[in-house]
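Structure, as structure tokens:
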Amino acid sequence: MAMIDEPLYPIAVLIDELKNEDIQLRLNSIRRLSTIARALGEERTRKELIPFLSENNDDEDEVLLAMAEELGVFIPYVGGVEHAHVLLPPLETLCTVEETCVRDKAVESLCRIGAQMKESDIVDWFIPVVKRLAAGEWFTARVSSCGLFHIAYPSAPDQLKTELRTIYGQLCQDDMPMVRRAAASNLGKFAATVEQNHLKTEIMSIFDDLTQDDQDSVRLLAVEGCAALGKLLEPQDCVAHILPVIVNFSQDKSWRVRYMVANQLYELCEAVGPEPTRADLVPAYVRLLRDNEAEVRIAAAGKVTKFCRILSPQLSIQHILPCVKELSSDSSQHVRSALASVIMGMAPVLGKDATIEQLLPIFLSLLKDEFPDVRLNIISKLDQVNQVIGIDLLSQSLLPAIVELAEDRHWRVRLAIIEYIPLLASQLGVGFFDDKLGALCMQWLEDKVFSIRDAAANNLKRLAEEFGPEWAMQHIIPQVLEKINNPHYLYRMTILQAISLLAPVMGAEITCQKLLPVVINSSKDRVPNIKFNVAKVLQSLIPILDQSVVEKTLRQCLVELSEDPDVDVRYYANQALQACDQMMVSS
């Protein structure tokens, strides 16, 4: 008897838990649907489990969301693709619930199942679901149906295809803005499955209606449709149908629509081709760059380099550069920041002369901007300008501003400059670097902010790698070692860190002669933090130094530290002594 009852057990547990008041138990049982389906077998899953789920009207959105997700991967548990249609009823019900994320997940699962179904099954089972949802009394069903047409349409016979196109057209004129929005956002996917002759007539007519919708939330989704439809149409049709819409949208009374155009303009330009872009879209883009809404200007400014790449340098200089100059002194810091993040990319597009004449003054004004993000965005892209105008001009025009920023009151700006220094050093060369930037690199070691001191120590290591140990021996090591006597222990710690970073670059001889004595001397420091950092540095020096030095000098210092009154100092000293022992064993 027990053997007969056993297969019933999982479904009994599921039904009990699904009706349990505790939401967590209901969620757990939904997430275990696949396990339960395997225990039941394919036939009983189809006949008992799926009908039960169809009737289960849980009021917790979290449970419904989990169910919508699980059913999307349920085809193997109901007996494969030929039985996939049994999964449609519970998902159809989920497509009508009020919670948006549940509906979206149900539509996603239906699309996944529909994509695997046979053509005949789509006609018999899937398309009726789409039609029922599209005719649903409650708007939620009609919203969900919009996301299913692109799956249903390709498999439908001609008569049904006509009907589906008509239904979609009706959804685009629905009384509820939410339904029209769903239809607008899915139009591109649906249009991609429609035949070319119907695309130019029916779909374009639907699209025209959406572009003139009285709700801006529908029109802004139609902007996305412009780019999608533009890629499906022939270039001449695209110019005839899509271009006027884009130009109108760029002057739309709603700033959200104009913002969407500014965001999508590059994709729209690709769709219509270079000639119409020059004639019609340049004036539209210039309008967006001068828009009275800051959000629109931000979106447009962020695309300025991409847009210039489509145009010839002359057109860019003639039409776009005047707007860029205006934007560089825009009243909104976010507009200036968006411009600063892309403006450097204009240098290779415009060429050397235009960059020197037109762009350099803009770079300089942005480098002196009061808002740190603007300055930061310029600094991080300087190498793009260097490739175009060469280092001499760059150093004459921009370097004074960079030196000024090295002492900026915002530490993140100082940090960006430090991180840029090694690249600048490699471009400027040793002589120039020594004159202008050498002192700054030392100054940063005594900055008030730890991140700056940390970056400064790493910066010295990268400079030593760039210019070689001999240069470092002359220009870095003496100045670094001088600072070990700084009265503040945090600065002395930075010097210890710099020593541990420089040692591998400098090699065993210099480390032994110059760096090691300073570290050993610091082990007598009165501050425990310094002493345990000495132990850490000594441990990092073990692989670099000769074994005899490790045994004579290092070990003796570490033994002294291992008897220190402070527990942390003893801990790190013992760690370093263990590393010494391991090295002895391995050698």
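Here the Cβ of each residue, glycine as well, is placed from N, Cα and C on the backbone.
Any TrEMBL annotation is an automated prediction that lacks curation.
As annotated by TrEMBL, repeat 'HEAT' applies to 10-48 (among others).
Positions annotated as repeat 'HEAT' by TrEMBL: 164-202 (among others). Counted with DSSP, the repeat 'HEAT' (164-202) comes out as 30 helix, 0 strand, 9 coil.
Summarising the annotation, TrEMBL assigns repeat 'HEAT' to 203-241 (among others). According to DSSP, the repeat 'HEAT' (203-241) comprises 33 helix, 0 strand, 6 coil.
Residues or ranges marked as repeat 'HEAT' by TrEMBL: 242-280 (among others).
Packing against the repeat 'HEAT' (281-319) from elsewhere in the chain are residues 243, 246-247, 250-251, 255, 258-259, 261-263, 265-266, 268-270, 272, 274, 326-327, 330-332, 334-335, 338-339, 341-343, 345-346, 349-351, 354, 358: each is 6 or more residues past its ends and has a CB under 8 Å from a CB in it. Taken from TrEMBL, the feature repeat 'HEAT' covers 281-319 (among others).
Summarised by DSSP class, the composition of the repeat 'HEAT' (320-358) is 32 helix, 0 strand, 7 coil. Under the heading repeat 'HEAT', TrEMBL lists 320-358 (among others).
The repeat 'HEAT' annotation in TrEMBL covers 359-397 (among others).
The repeat 'HEAT' annotation in TrEMBL covers 398-436 (among others).
Marked as repeat 'HEAT' by TrEMBL: 437-475 (among others). Within the model, the repeat 'HEAT' (437-475) shows a mean pLDDT value of 83, rounded to a whole number.
The repeat 'HEAT' annotation in TrEMBL covers 476-514 (among others).
Taken from TrEMBL, the feature repeat 'HEAT' covers 515-553 (among others). Under DSSP, the residues of the repeat 'HEAT' (515-553) split into helix, strand and coil as follows: 29 helix, 0 strand, 10 coil.
The DSSP breakdown of the repeat 'HEAT' (476-514), given as helix, strand and coil counts, is 34 helix, 0 strand, 5 coil. When Cβ-Cβ distances below 8 Å are used as the criterion, the repeat 'HEAT' (164-202) is approached by residues 127, 130-131, 134-135, 139, 142-147, 149-150, 152-154, 156, 209-210, 213, 215, 217-218, 221-222, 224-225, 227-229, 232-233, 237, 241 of the same chain, each at least six residues removed from its ends. Secondary structure of the repeat 'HEAT' (281-319) per DSSP (helix as H, G, I; strand as E, B; remaining residues coil): 31 helix, 0 strand, 8 coil. DSSP states for the repeat 'HEAT' (437-475), grouped as helix (H, G, I), strand (E, B) and coil, give 34 helix, 0 strand, 5 coil.
Tertiary proximity for the repeat 'HEAT' (515-553) is limited to same-chain residues at least six positions away from its ends with a CB under 8 Å from its CB atoms, namely 477, 481, 484, 489, 492-493, 495-497, 499-500, 502-504, 506-508, 560-561, 564, 566, 568-569, 571-573, 575-576, 579-580, 583-584, 587.
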